[in-house]
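Over in Swiss-Prot, the protein carries these features:
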- CYS23-CYS46: disulfide bond (DISULFID)
- CYS26-CYS33: disulfide bond (DISULFID)
- CYS39-CYS64: disulfide bond (DISULFID)
- CYS68-CYS85: disulfide bond (DISULFID)
- CYS86-CYS91: disulfide bond (DISULFID)
- 21-104: domain 'UPAR/Ly6' (DOMAIN)
- ASN92: GPI-anchor amidated asparagine (LIPID)
- 1-20: signal peptide (SIGNAL)
Amino acid sequence: MTHLLTVFLVALMGLPVAQALECHVCAYNGDNCFKPMRCPAMATYCMTTRTYFTPYRMKVRKSCVPSCFETVYDGYSKHASATSCCQYYLCNGAGFATPVTLALVPALLATFWSLL
């Protein structure tokens, strides 16, 4: 019995220790912000929320949260928000596409297609 207990304890010591999630946590008037922080144990998501005052002006807020619900900005409403969620190390660092960027995609594709 003690032999089995010893094997169990040795195997248990070999398991990786769970580490707290790290996210960028900040609030910024502009495109993006980066400030890494270790999240509390109860926080299992990194969240990025962009509140649009106009299609070109926004406030970015990044945080650690215990639960997260993703939303999409429609590109037209004032004071509307878009929220993205993720669950791995510093996953909320990169920005996501803004309505202005998305509007350029068809023009770039048309230009590329005309060159062929």
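Cβ atoms here come from the backbone N, Cα and C positions, even for glycine.
These figures come from a predicted structure and were not determined experimentally.
Features per Swiss-Prot, on structure.
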residue: CYS23; record: disulfide bond; Cβ contacts under 8 Å, 6 or more apart: PRO36, MET37, CYS39, ALA43, CYS46, MET47, LYS62, SER63, CYS64, LEU90, CYS91, ASN92
residue: CYS26; record: disulfide bond; Cβ contacts under 8 Å, 6 or more apart: CYS33, PHE34, LYS35, VAL60, ARG61, LYS62
residue: CYS68; record: disulfide bond; Cβ contacts under 8 Å, 6 or more apart: TYR45, MET47, THR83, CYS85
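When other Cβ atoms within 10 Å of the Cβ of CYS39 (disulfide bond) are tallied across all protein chains shown, the result is 18.
The DSSP breakdown of the domain 'UPAR/Ly6' (21-104) into helical (H, G, I), extended (E, B) and coil residues amounts to 6 helix, 34 strand, 44 coil.
Listed in sequence order, TYR45, CYS46, ASN92 are the same-chain residues at least 6 apart in sequence whose CB falls under 8 Å from the CB of CYS86 (disulfide bond). Packing around CYS33 (disulfide bond) is summarised by its Cβ count: 19 other Cβ atoms lie within 10 angstroms of its Cβ, all protein chains included.
The 10 Å shell around the Cβ of ASN92 (GPI-anchor amidated asparagine) contains 27 further Cβ atoms across the protein chains shown.
Across the disulfide-bonded residues listed here (CYS46, CYS85, CYS91), the residue whose Cβ sits among the most other Cβ atoms within 10 Å is CYS46. Across the domain 'UPAR/Ly6' (21-104), mean pLDDT in this model comes to 83. Counted within 10 Å of its Cβ, the other Cβ atoms near CYS64 (disulfide bond) come to 22, all protein chains included.
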